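Here's the structure, in structure tokens; my notes come after.
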Amino acid sequence: MKMAFGFLAAILVASLSPFAHASDPSPLQDFCVAVNDSVAAVFVNGKICKNPNMVVAEDFFFPGLNKPGNTSNQVGSMVTPVNVNQLPGLNTLGISLARIDFAPYGINPPHTHPRASEILLVVEGTLYVGFVTSNPANPTMKNKLFTKYLYPGDVFVFPQGLIHFQFNVGKTNALAFAGLSSQNPGVITIANAVFGSNPPINPDVLAKAFQVEKNVIDYLQAQFWWNIN
Ligand SMILES: *[C@@H]1O[C@H](CO)[C@@H](O)[C@H](O)[C@H]1NC(C)=O
Ligand SMILES: *[C@@H]1O[C@H](CO)[C@@H](O)[C@H](O)[C@H]1NC(C)=O
């Protein structure tokens, strides 16, 4: 009886699961090591699998995440990603990793990951982090900001798709590692996408949207939007 109930529950969960994907689809085999398909003509949701007989331990390996990223740039931070583009064995597995280095007062500017939630661990320094909720009907939750100061050993989670940032408020370097719930989380850096697009968005559109004079938009579009992600 107990087993029958478990079986029914399993069927129910399985039947609902197509509507409940919180991360990349589950693999249907042990692994699907990505072939480096930059010249391949076929595109799939993920990357094409390498012949399993040709797979080697190196396909599941990425060295060097002990090395600091170069933070000599306008925002004073650098992200070193380890996703399916750097570690082909991550293909279909629904996870990835990043190292984030911060110079003193460096920022990882407001951005979103369209395909992943992010769990951040601070290893060195002090970070001021936050995210903003979307604009649903519930007025009390509309664009609500959640922030926290983080110290070594602290962990913080940024829900999938929400705009978030990390700011080094200390006089020393800061270091964090982030786990992401996608093999290919994607990054949209807000200012870069809005003011640094190629070609530029019509400034009349942005002046109206941001409710400022067009010369403010001209100024912003003339900046160099450094991309650290
Ligand atoms: C760090 O980046 C800056 C700016 O791109 C560059 O000038 C400098 O040579 C880099 N430093 C190292 C150690 O790679
Ligand atoms: C894939 O190929 C490109 C171009 O040949 C190379 O730059 C890149 O490092 C390769 N990526 C991996 C994970 O081997």
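Heads up, the Cβ atoms here are built off N, Cα and C, so glycines get one too.
Bear in mind that TrEMBL entries carry predicted annotations, made automatically and left uncurated.
Summarising the annotation, TrEMBL assigns signal peptide to 1-22. Per TrEMBL, the feature disulfide bond maps to Cys32-Cys49. Residues or ranges marked as domain 'Cupin type-1' by TrEMBL: 63-218. According to TrEMBL, the feature oxalate binding site maps to Asn108, His113, Glu118. Annotation source TrEMBL lists Mn(2+) binding site at His111, His113, Glu118, His164.
Mapped onto this structure are the features recorded in TrEMBL.
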| residue | record | Cβ contacts under 8 Å, 6 or more apart |
| --- | --- | --- |
| Cys32 | disulfide bond | Gly46, Lys47, Cys49, Lys50, Asn91, Thr92 |
| Asn108 | oxalate binding site | Val75, Ser77, Val79, Ile100, Phe102, Phe165, Gln166, Phe167, Ile228, Asn229 |
| His111 | Mn(2+) binding site | Ile163, His164, Phe165, Val187, Ile188, Thr189, Ile190, Asn229 |
| His113 | oxalate binding site | Phe158, Gln160, Gly161, Leu180, Ser182, Pro185, Gly186, Val187, Ile188 |
| Glu118 | oxalate binding site | Val157, Phe158, His164, Ala178, Gly179, Leu180, Ser181, Pro185 |
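Ligand 2 lies under 6 Å from the Cβ of none of the recorded positions Cys32, Cys49, His113, Glu118. Same-chain residues with CB within 8 A of the center of the His111, His113, Glu118, His164 CB atoms, the Mn(2+) site residues themselves not counted, are Thr112, Ala116, Phe131, Phe158, Leu162, Ile163, Pro185, Val187.
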